[in-house]
Amino acid sequence: MMQPSTSTNSNRPVRTRIAPSPTGFPHVGTAYIALFNLAFAKAHGGEFILRIEDTDQTRSTEQSEKMILDALRWVGLDWSEGPDVGGPHAPYRQSERSAIYKKHAEQLIDSDHAFRCFCTSEELDTMRAEQMANGETPRYDGRCAHLATEKTEQLVKEGKPNVIRMRVPTEGVCQVQDMLRGTVEIPWTQVDMQVLLKTDGMPTYHLANVVDDHLMDISHVLRGEEWLNSAPKHQLLYEYFGWEMPVLCHMPLLRNPDKSKLSKRKNPTSITYYRDAGVLPEALLNYLGRMGYSMPDEAEKFTLDEMIASLDIQRVSLGGPIFDIEKLNWLNAEWLRALTPEELKNKILDWASNSDKLTAIAAAIQPRIELLSDAVNWSGFYFQNLPDINAESFTHKSLTAEQIIEMLQLALWQLETLPTWSEENIYATLKGLAAHLDIKMRDFMAPFFIAIAGSTSSTPVMNSMAIIGADMTLTRLRHAVDVLGGLGKKKLKKLEKQAAELPDFLAAE
């Protein structure tokens, strides 16, 4: 293997990008990759831009896009071009660039580097099932790759739905150059004939990111290592178009303490959770900068400017960096200790004075207080991170501990999938689940008061869940399940099967 590439592709101005998909909450992994893209660009006198990959029209939302942009800005990242600030390569939302992708997909067909595939989803499912039964890797077998031009034109004329797939070699090895790994060899037999344009005319990630990176003059692509196996497809597309390929750098993925891929089922993963919990943006950015990377002087506490000034991408370690909340809290404490009392006062006021949240809290506690000082007792749980609870806190005359764990876990999974976080949707979900489990609503809700507020004596819990938001609610529910001892693998598997069979409680409303 070659030595890792240190090239910055100096013949081109350095331009990097982050391209989040607005399909959920702003993930710390997005901020992590964005940080290194920004730092690398600035360290080489270049530009960092942002674009939105919203080709998944069923899951992409304007609300999610706004949350992502707000969260990245809150943590201290900024971009010179993007959907909110404009720029010379607009538009920066892929959903607004469909004509561009269609033109390039047609260009690949004209050059015979791509073909139309008319296979139905049922045919593809059968094909994959047969391959798996034979111990083969499931991949498209090329059955439409050699259709005669006349046949293809006839099917298109008849209006038969089709996708556009890229052609790939059937033998040999693709050599991909990576800044951290040097030459990576991937057999072409492991590379699928990727769909480039879907039946609805929208591109897949693979076509859109290549076309956009070229048209937006991206010189370096720093992205998660989960994309390494897709690099041959992207490299091939650059060759097909006759374009210069950006330098690739596949960053190690963030891991849970047990070394598994960072996921919301084991750790809070949303930037907004850490903001609401009281982590300073400087501390979170500092911590993400330490993920798989060490400063030349081994400093643990450093600013973004200090990171940029001394950045050496070769200091990134390929071992999966552990995202440890306890270490983040320690680092946050270091930042807090360094503040003057006046600065700390202002930080606390900024953190606590989310006006929309405060108005909602005031409305919730207003019927319950006689003095302004009563607000402290009634509203404290809205601002804390995790309530001080133990297994005994959940003791209930009508429910066993096992029942409580299972209903909390089922509720957690249901709430994770809510399309919009609102009191109405929370109510419909929990009411439907209680009825499905044949548990009286009063009994069913008691453990939720404990999990969310730490007490059964609090403001209405579903209203409280709406106010503290999805991230904090889900984190407190996970904490409650853990406090109660959690679920073993067998019980978890059984419960997952039960969860898969639950009806859509929102549709029932």
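Note: Cβ is positioned from N, Cα and C throughout, glycine not excepted.
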Given ranges 86-90, 181-185, 261-265, the stretch to which Swiss-Prot attaches the annotation motif ''KMSKS' region': 261-265
Range annotated as region 'Disordered' - as stated in Swiss-Prot, picked from 1-21, 148-168: 1-21
Cβ neighbours of CYS119 (Zn(2+) binding site) where a neighbour is any other Cβ within 10 Å: 18
DSSP three-state assignment for HIS146 (Zn(2+) binding site): coil
Secondary-structure category, per DSSP, in which CYS117 (Zn(2+) binding site) falls: strand
Shell of the Zn(2+) site beyond CYS117, CYS119, CYS144, HIS146, same chain only (C-beta within 8 angstroms of their C-beta centre): PHE115, ARG116, PHE118, TYR140, GLY142, ARG143, ALA145, LEU147, ARG165
CB contacts for CYS117 (Zn(2+) binding site) [other CB atoms within 10 A, all chains]: 22
Cβ neighbours of CYS144 (Zn(2+) binding site) where a neighbour is any other Cβ within 10 Å: 20
